[in-house]
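Copied from TrEMBL, the annotated features are:
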ACT_SITE  Cys359  active site, nucleophile
ACT_SITE  Cys362  active site
BINDING   Arg152, Thr154, Trp165, Ser217, His220, Arg252  FAD binding site
DISULFID  Cys56-Cys61  disulfide bond
DISULFID  Cys359-Cys362  disulfide bond
Amino acid sequence: LTGVLDDCLCDIESIDDFNTFKIFPKIQKLQERDYFRYYKVNLKRPCPFWADDGHCSIKDCHVEPCPESKIPVGIKAGSSNKYSKAANNSKELEDCEQANKLGAVNSTLSNQSKEAFIDWARYDDSQDHFCELDDERSPDAQYVDLLLNPERYTGYKGPSAWRVWNSIYEENCFKPRSVYRPLNPLAPSRVFNLGSVCLFSWIGLCLEKRVFYKLISGLHASINLHLCANYLLEETWGKPRWGPNVKEFTRRFDPAETKGEGPRRLKNLYFLYLIELRALSKVAPYFERAVVDLYTGNGHEDAESKALLLDIFRDTKSFHMHFDEKSMFAGDKKGAKSLKEEFRLHFKNISRIMDCVGCDKCRLWGKLQTQGLGTALKILFSEKEIQSLPENSPSKGFQLTRQEIVALVNAFGR
C-alpha cells in the first residue's frame with residue numbers, strides 16, 4: 001500500500017515509519033507489564049440477539065479455568081491479605097498451571113496478582129459511553145493472561161462466524177452502497193459489478209458515517225490479519241504448529257480475490273490506527289497527573305510502567321499528521337447531537353454482538369479490541385472534560401476504569 005488515506009491528510013509511508021521505529025517497540029514492552037497483561041472478561045454471557053449455536057468444540061477455542069479447589073481460600077473470600085513468596089510458588093499453583101492445556105485460555109494467576117486485582121478494583125469506575133461492559137463482580141468473570149493466550153486462528157469458522165460479521169455490517173454499521181465482502185460464500189452477492197470492477201460509492205454518507213464504517217472494517221482487517229499471521233498450520237502427535245498462512249492472507253486481501261476490495265480493507269486498518277493514536281495523544285493529560293498510578297502493588301514496576309506509557313504519549317504528540325476529530329459532529333447542534341447518539345448506540349450494539357462469538361478465544365480478543373476502540377471514541381468525545389481535570393484529586397467528569405485502559409493499550413498494540 002502507498003499514498004494518502006481518505007478523510008485525512010496522512011500517507012501510509014509516514015505511518016509505517018512512525019510505528020515501526022517509534023511506537024511498536026514501546027507498546028510491545030508495555031503489553032508485557034503486569035498491569036496490561038491481565039484482562040477480566042466474562043466469556044459466558046449469552047448472545048442477546050439469537051439462540052446460541054453452542055460453543056466451538058475445537059480444543060484451541062476452549063477455556064480451561066483453574067479448578068475451584070486450587071484457588072486459595074483467602075482469594076475466594078476477596079481478602080487483601082499479604083501473601084508470602086512461598087505461597088506464590090506452592091505445589092497447588094504449579095498443578096493448576098499444568099492443568100491448562102496449550103490453546104486454552106489460561107486463567108491461572110499467582111496470589112500476588114490476585115491481591116493486586118482486589119486493589120485495582122478500588123481504582124475502577126463503572127461509567128462507560130460506547131461499550132456494553134462485563135460486570136466484573138459476576139462469578140463468571142475471570143482474569144485472563146493475554147500473553148499466554150495470543151490472538152490466533154483456532155479453526156473457528158463457518159455459519160456461526162459469518163453470522164456475527166454479517167450482523168455487524170448489515171444491521172449495525174453505516175456502509176457504502178456497494179462493498180464486496182465475501183463473508184459467506186453461500187450467500188448471493190448483492191454487489192453491482194461491471195466486469196471485474198466493484199462500483200464503490202460513498203453517496204449519501206456523511207463523514208461521521210464513513211468514519212464509523214472504516215473503523216469497523218479496520219477492526220475486521222486487524223483480526224483477520226492476526227488470524228493469517230498466526231494460523232494453525234498442522235498438528236502432529238497432538239502438538240499444534242502455528243505460523244503465517246500466505247494463502248489465507250491472499251484469499252482475504254488480494255485485489256484479484258476480493259474484486260479490488262482487499263487493499264481498501266488494509267487502508268481502513270491504517271485509518272483505525274490513526275484514530276486510536278489520536279485518542280492516546282488526547283488522553284495523555286489524564287495520565288500525566290501525579291494522582292494517577294498504574295497500580296499493581298509493586299511500586300518499582302508501577303513507576304517504570306507509567307514512565308514508559310508517558311514516553312509513548314510524547315511520541316504520539318510528535319506525530320504531525322493526526323486525524324482531526326473536530327471535523328466530526330460539527331454541523332447544527334441538534335443534528336450533530338442526534339448523529340452522535342446514533343453513532344454511540346450502533347457501536348454499543350456491536351460490543352454486545354461480541355457475546356455471540358462461539359469460540360472463547362476469538363470472543364476474548366473480539367471483546368477486548370471492541371472495548372479498546374470504544375474507549376478511544378470515548379476519549380475523543382471527551383476532550384473538554386480531560387482538559388479540565390483536577391491535578392491532585394480524583395477525576396470528575398471523565399474517568400477510565402482499569403479495564404478500559406488495558407483494552408485501549410492492547411487494542412492499539414494489535
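Placed from the backbone N, Cα and C atoms, the Cβ positions cover glycine too.
TrEMBL entries are annotated by machine, without manual review.
Predicted, not measured: the structure shown is a model, and the values here were computed from it.
In this structure, the CA atom of Thr154 (FAD binding site) is 8 Å away from the CA atom of Cys362 (active site).
Calculated from their C-alpha atoms, the gap between Trp165 (FAD binding site) and the residue listed as 'active site, nucleophile' amounts to 14 Å. Rounded to a whole number, the C-alpha distance linking His220 (FAD binding site) with Cys362 (active site) is 12 angstrom. Cα of Arg252 (FAD binding site) to Cα of the residue listed as 'active site, nucleophile': a span of 20 Å.
Residue pair Cys359 (active site, nucleophile) / Arg152 (FAD binding site) shows a Cα separation of 11 Å. The CA atom of Ser217 (FAD binding site) is located 17 Å away from the CA atom of Cys362 (active site). Residue environment of Trp165 (FAD binding site) contains 19 other Cβ atoms, counted within 10 Å of its Cβ in all protein chains. Residues near Arg152 (FAD binding site) in space but far in sequence (CB under 8 A, at least 6 apart, same chain), listed by position: His226, Leu227, Asn230, Tyr231, Leu232, Trp242, Lys361. Between the farthest pair of Cα atoms in the FAD binding residues (Arg152, Thr154, Trp165, Ser217, His220, Arg252), the distance is 21 Å.
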